[in-house]
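Q: The structure under discussion is supplied below as structure tokens; questions concerning it will follow.
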Amino acid sequence: MLEVNVALKVGSFQLEVAFQNQKTFTALFGQSGSGKSLTLNLISGLIRPNEGFIRLDGVTFVDINEGIFEPMHRRRVGVVFQDSNLFPHMSVRQNLLFGRWFAPKGDRRIDFDQVIEVLGIGKLLKRPPSRLSGGERQRVAIGRALLSCPRLLLFDEPMAALDMERKLEILPLIERIRDEFRVPMVYVSHAIEEVVRLADLIVVIDAGKVKAIGGPGEVFSAASAQSEEARFDRSSVLTVRVAGENARYGLTELKHSSGVIWLGGAAGPAGSEARVIIKATDVVLANEPAHRTSVRSVLQGKVLSIHDSGPFAMVEIALAGDNHLFAAATRQAVDELGLQKGCDVFALIKTAALDEAKIAPAHVS
Ligand SMILES: Nc1ncnc2c1ncn2[C@@H]1O[C@H](COP(=O)(O)OP(=O)(O)OP(=O)(O)O)[C@@H](O)[C@H]1O
């Protein structure tokens, strides 16, 4: 179990973060400048808190009251940064072996060949980092961190510099590592697609404080999880069942208790549970089901709240099955449709905005 309960003041910024996770994968999610990296650096031992403690499976990394501060190398944590930080003068193999060197001889439980196979980097072993693509460099960086057989693996925005295609290649690799090597992980990101797909527990940090905490479904259905300013980034996460494919058009039908959503691309085996991420700006509101439009994805719900913000409004809709959906609209449209708390409403979702990056299997860990 990872237990974090720390306070830190740097300049005028005050960080106070507390959470615990018995499962493997914790995501620290929040806007730029919210305090995610500081939290990660406190866990790695790069910086020392003013107050509090951090423990992993009963091992104390730091406890200010007890006067304990283990330096980074004694915590045995592996870190993967946005920039892979590989040693430029070493080959891929040497970089990986460097990681191995940090693993204590009696605890080399993670196998070199297995890591290479999972990450698909067998063909790259002789190359210097300068001859790798960004995605390949990140795979090697993950391999190097993993081969040190860490007690805890930390990721600081590991995919922030990669394009969507590379992200979609690397996400399943991180999933496999999570499931095959069972190393606890803490993953910093401001990308909702990544944290929903990977995490058991999401800790939402805002202005140095924990704003929400829970599994992907719970956290992103709560209005409080995302900041008010993030109107154009606001997303909802709905739990759906994969109903079947329309092979002719390359679409997948997703069933929600409030209606049907069509996704461009594949979404896992029929019958399986999945989570779909819907941006508030991809939802159109209507008083009645859409006729003669291109929209095929329609959910029915009740207006739960309306928050005005300048010319716009954020409409929160309660759907059957305890999911909430956010829709961004103009205040004018909200007035003209006569929307108010308790009204029935139809949410029309653009399938063209829902591709494979927006779907994640609802994993059980
Ligand atoms: N050494 C420092 N001295 C003063 N302020 C600092 C220091 N390090 C970080 N901060 C401030 O603390 C806040 C949180 O920083 P942090 O790097 O944790 O944010 P973040 O959530 O990781 O953001 P990003 O996603 O942009 O990396 C920021 O306002 C930052 O300017």
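Cβ atoms here come from the backbone N, Cα and C positions, even for glycine.
So TrEMBL lists these for the protein:
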- 1-232: domain 'ABC transporter' (DOMAIN)
- 292-358: domain 'Mop' (DOMAIN)
Q: For the domain 'ABC transporter' (1-232), what is the mean per-residue pLDDT, to the nearest integer?
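A: A mean pLDDT of 90 is what the predicted model shows over the domain 'ABC transporter' (1-232).
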Q: When DSSP states are grouped into helix, strand and coil, how many residues of the domain 'Mop' (292-358) land in each?
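A: Helix, strand, coil within the domain 'Mop' (292-358): 12 helix, 34 strand, 21 coil.
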